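Structure, as structure tokens:
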Amino acid sequence: MRTLWIVAVCLIGVEGNLFQFGDMILQKTGKEAVHSYAIYGCYCGWGGQGRAQDATDRCCFAQDCCYGRVNDCNPKMATYTYSFENGDIVCGDNDLCLRAVCECDRAAAICLGENVNTYDKNYEYYSISHCTEESEQC
């Protein structure tokens, strides 16, 4: 079980801060990030390629694009501050880089929540080998 947890952390925690983003996802979707989004479609989880498979996967694609815009802020390792206020995620850093990364995660979590009804179990543990169509531009 411990090995499974470590693998799951490595898979979903590659961008942003695993626990912070996972907490945002849980608040907005009611789903555990590791079980539901670590390997989903072509973009949720490690890396991404091809065309997003559905609206849920497009949320992860958009997050990848957002991270690309703040790449100088080291989004894969950033630890930011945020809070939940009246059901909203509020990014609280004065540091512009940390706030930008938080906003990427915030937007993705909100998107996942707004599209939770598009979640398709057929895209859980989806093989990247199926992601061969040309990717959209960010």
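Each residue, glycine too, has its Cβ placed from N, Cα and C.
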Practice item. For the disulfide involving CYS131, grab the partner from CYS42, CYS44 as Swiss-Prot records it. Key: CYS42
Revision key, fill the gap. Swiss-Prot record, region 'Important for membrane-damaging activities in eukaryotes and bacteria', of the ranges 17-29, 43-55, 121-133 the matching one is 121-133
Check your understanding: Quick one: Swiss-Prot says CYS91 makes a disulfide with which of CYS102, CYS104?
Key -> CYS102
Point to revise | Separation of alpha carbons, CYS60 (disulfide bond) and CYS42 (disulfide bond) (Å) | key: 9
Check your understanding: What parts of the chain pack near the region 'Important for membrane-damaging activities in eukaryotes and bacteria' (121-133), using Cβ distances under 8 Å and only residues at least 6 beyond its ends?
Key -> 36, 39-42, 47-51, 53-54, 56-57
Review point. Based on Cα coordinates, which of the following disulfide-bonded residues are within 10 Å of CYS59 (disulfide bond): CYS44, CYS73, CYS91, CYS97, CYS131?
Key: CYS44
